[in-house]
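Have a look at the structure below before the remarks.
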Ligand SMILES: O=P(O)(O)OC[C@H]1O[C@](O)(COP(=O)(O)O)[C@@H](O)[C@@H]1O
Ligand SMILES: [Mg+2]
Ligand SMILES: [Mg+2]
């Protein structure tokens, strides 16, 4: 089999379909390189002294792990001098990070969740990195948070890396979804899955069921029906999986279908869910839609939501189209 590297794939896309501007291609390569470095740190574990708490909190009041902080630094450092960006934003930073004046600047803006699935770091369960690329607004001078507040439909690229039994990078630039596997010996990303497609129908769902008592009626009804199995209204049995790393749950869904949910619930009625819109839900929604799936907040398409702040939270229902449409429909009844 002919091996196609990430670089070759991107160059071909640029040449044959004219779908990836050179600057965007180079930016994706820098992000992919940073993910390689993070993967290396993750795989060292205790040997690399990267496990455990960093002894600090992020803007969302979550305790930062050493690897959250390190991954954030790796992504910042790699992308600062790349010359393709105007600014970056991250789950781990309160405000945006404009490219310092000493470096060349570009027309893109990068958002990331440097380390997704933080609670799994210390127990050697799959974790990952999620990223989203936007274009800087026309005529932008000094980037502000406001410049980032674009709906997900404006993303020009999105992807994630999973640091699991294998390290993979899953990418879309709006022309389907492709998966690259890290060849550690060669140090390169090799194209291993072209045009990933999420099956429309599924028998698998993912939700943190320990929150069941707080769910609102549409989610409770939907899950009750799934759990009733072949004697219930759905007339078939469903299986459940919850990894507690969104990257790993979404990767499973991209490979074999399923529906992933992190709904808003009655615990904190003012908080529209746990996950963050701009660097978790939007990039995943872009990938899922590009693979033939759907992504909503229970009421509307995630990528249509106009963000009002950088760290905005959102309810998430994504994956196999028929199930996402069903649970979204229950919210309208
Ligand atoms: O702890 P819970 O409720 O199972 O939540 C798990 C969810 O939280 C997250 O870990 C949030 O992401 P971070 O680890 O980047 O904060 C998701 O990856 C995952 O789906
Ligand atoms: Mg996350
Ligand atoms: Mg994170």
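For all residues, glycine too, the Cβ spot is worked out from N, Cα and C.
Quick look at what TrEMBL annotates:
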type	residues	note
BINDING	91, 113, 115	Mg(2+) 1 binding site
BINDING	113, 116, 280	Mg(2+) 2 binding site
BINDING	116, 117, 118, 119, 208, 274	substrate binding site
DOMAIN	5-193	domain 'Fructose-1-6-bisphosphatase class I N-terminal'
DOMAIN	198-331	domain 'Fructose-1-6-bisphosphatase class 1 C-terminal'
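Secondary structure by DSSP for the domain 'Fructose-1-6-bisphosphatase class 1 C-terminal' (198-331): 59 helix, 21 strand, 54 coil.
In this structure, the CA atom of residue 91 (Mg(2+) 1 binding site) is 9 Å away from the CA atom of residue 280 (Mg(2+) 2 binding site). Checking the binding-site residues 113, 116, 118, 280 against ligand 2, the ones with a C-beta less than 6 Å from an atom of that molecule are 113, 116, 280.
When pLDDT is averaged over the domain 'Fructose-1-6-bisphosphatase class I N-terminal' (5-193), the result is 94. Taken residue by residue with DSSP, residue 117 (substrate binding site) is part of neither helix nor strand, so it is coil. Checked against residue 115 (Mg(2+) 1 binding site) by C-alpha proximity, the binding-site residues 208, 274, 280 yield 280 as the nearest. Each residue in 91, 112, 128, 129, 130, 160, 246, 247, 275, 276, 279 lies on the same chain as 113, 116, 280 and has a C-beta within 8 Å of the C-beta centroid of that Mg(2+) 2 site, without being one of the site residues. Taking each of the binding-site residues 118, 119, 208 in turn and counting other Cβ atoms within 10 Å of its Cβ gives the largest count for 118.
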